[in-house]
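Asks: Heads up, here are the entries from TrEMBL:
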ACT_SITE  His173  active site, proton donor
ACT_SITE  Glu313  active site, proton acceptor
BINDING   His173, Ser174, Tyr175, Asp250  beta-D-galactose binding site
Amino acid sequence: MSGEIQQTMDGFPVRIVTLENEHCKAVLTDLGARLLEFHVPDRDGVMADVVLGRPSLREAFEDRSYMGATAGRYAGRIAAGRFTLDGAEYQLATNEGVNHLHGGERGFDQYAWSTVRHPGEEAVSFHRQSGDGEEGFPGTLDTRVTYRLEGNSLRITMTATTDRPTIVRLVHHSYWNLGGHDSGTVLDHVLQLDSSHYVPVDEELIPDGEVRPVEGNPYDFRTPKPIGKDNALIENTGAGRVAAGSAGYDDIWALDGSGMRVVGSLTDPASGRSLELATNQRGLCVYAGGYLAGEPAKGDLDAYPAFAGVTLETTGFPDDINIPHFPSPVLRPGEVYTNDMRLTFTAR
């Protein structure tokens, strides 16, 4: 681990951890087990920070766009915040209209985690224990998120165990702009996904249980194409949001294959930077940042425009606990939940 400093936020200690090698640099904080900065070179060797972020730690902590944060206990949406598990009914916090999103009123992104060092490695882990009943979830959940630099790759491994049956889905929620976080929009970024199906959703971004082919519609990224090519065809204006018109992609793709495998790539033609994404998860949420307009930005930028960054959230399917034929989010005692993702950066 390259370095750690301690700051304060409203009198409380906050840890800032830097991981660095000859290829890249990551700056992280225990506030929400969050990635604050990630620096990689372009084709000319010029470094840039390629993740969006807030102007201050306080604004990062209060950020409801989840920039760089670990979202949980259950990242994604649950219809009406209700589910049944082993015959017991549970009501979760409803924080997006009538639905549950990203852990509730106070999700994992709004807690300070404990920091676990890895001497001799460019790695750090963040740990927190979520108590039984937190935001309505059953069971005490023991959670760890590890960030590790592996050459020109950033590996993020999220694990959890429980003392009673519960549901869990952890997500890393960085917004990526490979031109640099302050370089404009990602509409010219070229996205490729190994996905022949997607999960359609209604106006509140809740699925009806179908999984449809991407063939012949705007969700087909099997052949690389710019995000902006069909982005305006995607409405996604529901879920209690206020913007009118097209908000663009905020959708789940069912990834081909299983186990840890490469599932896609993102490229910025202007800078030459690319990332290759590998994961062990069944789904990927791609949110193109349609509601980011006016959001306060870090550095010398006052505010981000719409579509300033894109998320690549390795995940399951939304509302899966209420749709029996979807992959289950249930975690039981003795089991280990693992969401493993690796982002490999190149420039040409």
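Each residue, glycine too, has its Cβ placed from N, Cα and C.
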Asks: Compile a sequence-ordered list of residues in the same chain as the residue listed as 'active site, proton acceptor', six or more apart from it, whose Cβ lies below 8 A from its Cβ; state 'none' when nothing qualifies.
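Replies: Looking at Cβ-Cβ distances below 8 Å from the residue listed as 'active site, proton acceptor', excluding near sequence neighbours, one finds Ala75, Val171, His172, His173, Leu284, Cys285, Val286, Tyr287.
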Asks: Ten-angstrom check, please: count other Cβ atoms within 10 Å of the Cβ of Tyr175 (beta-D-galactose binding site), all chains counted.
Replies: 25
Asks: Determine which residues of the same chain, besides His173, Ser174, Tyr175, Asp250, have their CB within 8 A of the center of the CB atoms at the recorded beta-D-galactose site, and list them by sequence.
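Replies: Going along the sequence, the neighbours appear as Leu52, Ser65, Tyr66, Met67, Trp176, Tyr287, Gly289, Gly309, Val310, Thr311, Leu312, Glu313.
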Asks: Translate the DSSP assignment of His173 (active site, proton donor) into the three-state scheme.
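Replies: In three-state terms, His173 (active site, proton donor) counts as coil.
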Asks: Return the count of C-beta atoms lying within 10 angstroms of the C-beta of Asp250 (beta-D-galactose binding site), excluding that atom itself.
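Replies: There are 19 such Cβ atoms around Asp250 (beta-D-galactose binding site).
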Asks: In which DSSP state, out of helix, strand and coil, do we find Asp250 (beta-D-galactose binding site)?
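Replies: The three-state answer is strand.
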Asks: Relative to the Cβ position of Ser174 (beta-D-galactose binding site), how many further Cβ atoms are located within 10 Å?
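Replies: Counting Cβ neighbours of Ser174 (beta-D-galactose binding site) within 10 Å gives 24.
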